[in-house]
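Down below is the structure, laid out as structure tokens.
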Amino acid sequence: MSSSKLLLIFFLQLLVGFATTLAMVQGQGHLTRVGFYSRTCPTAESIVKQTVQTHFNSNPSVAPGLLRMHFHDCFKTAGPNLGLRGWEVIDDAKTKLEAACPEVVSCADILALAARDSVVLTKGFTWNVPTGRRDGRVSLATETTNLPGFRDSIDVQKAKFQDLVGAHTIGTSACQFFRYRLYNFTTTGNGADETINPLFLAQLRSICPENGDAARRVDLDTGSASRFDATFFTNLKNGRGILESDQKLWTDATTKSFVQRFLGVRGLQALNFNLEFGKSMVKMSNIGVKSATNGEIRHICSAVN
């Protein structure tokens, strides 16, 4: 999957039964809480927020990069993470935090806060981020083998999203990750994936010719790529999903009803994408939380101490 686009299909969290999350969440015996650094480093959240804001003002593409990094949270050179944007933001925030509060704020918490701030900067809703995580003492590239793939079936996506989730409402992808859908996907008709809207297919083929530049980037959420909103689901309904795995959310019966609920289809209980996204972010970020007994506060986010 493209390493500089965002993995965004977040509502799949709901499929594994995530409930409303309280301000204090337990993860493997360790409690995180909102305001964890209120005494030890009271400026922690504002330092992260200001750092993200500064980098976003210079380069808005760091927003989807930071959100995706929060899901990966693994060593920089791991295959699926190559080219991720935003490492410099985390490094910058860590440097400032070490100057203000040495060896207090974890890189895991910086990532969680930066992801929230990125969503807000792209016009999404905010949420309270429980903090108090420690960083892992092991950083393995093999841990990224469970990242969702752009050809994954819905069943595979749901299995993987029990540990990792995302959403594609902001960010881009390279032609190489979906061009196979446009040419020779089938042996009938025009050869393209029949779930693609015919008019949209023509647009995509003009952008990504069969033998054209594989690295050329395309917005994942057509018409709203820089705004965090629910138009991604409208695009799926209209056959305008870029990635095969995204479009399957509409064509697969087990997930279609959730897309419809985010779209407010009459007769179904409506879901607010922004609110549910925030709940799921809190729940996901508290999976496998490290404590003082099995974690550390890294001095440099890219390497264990």
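Along the chain as shown, residues are numbered 1 onward.
Cβ from N, Cα, C; glycine included.
Just so you know, TrEMBL annotations are computer predictions that nobody has curated.
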Exercise for review: Going by TrEMBL, tell me which one of Cys101, Cys107, Cys175 is disulfide-bonded to Cys301.
Suggested key: Cys107
Exercise for review: From the candidates Cys41, Cys74, select the one that TrEMBL records as forming a disulfide bond with Cys101.
Suggested key: Cys41
Practice item. Could you measure between Cys301 (disulfide bond) and Cys101 (disulfide bond) for me? Cα positions, answer in whole angstrom. Key: 15
Study note, to complete from the structure: The recorded positions listed are Cys41, Arg68, Asp229; by CA-CA distance, the one closest to Cys175 (disulfide bond) is Arg68
Practice item. Would you count the other CB atoms within 10 A of the CB of Cys101 (disulfide bond), including those on all shown protein chains? Key: 16
Study note, to complete from the structure: Students should find that the Cβ of Cys107 (disulfide bond) has, within 10 Å, a number of other Cβ atoms equal to 24
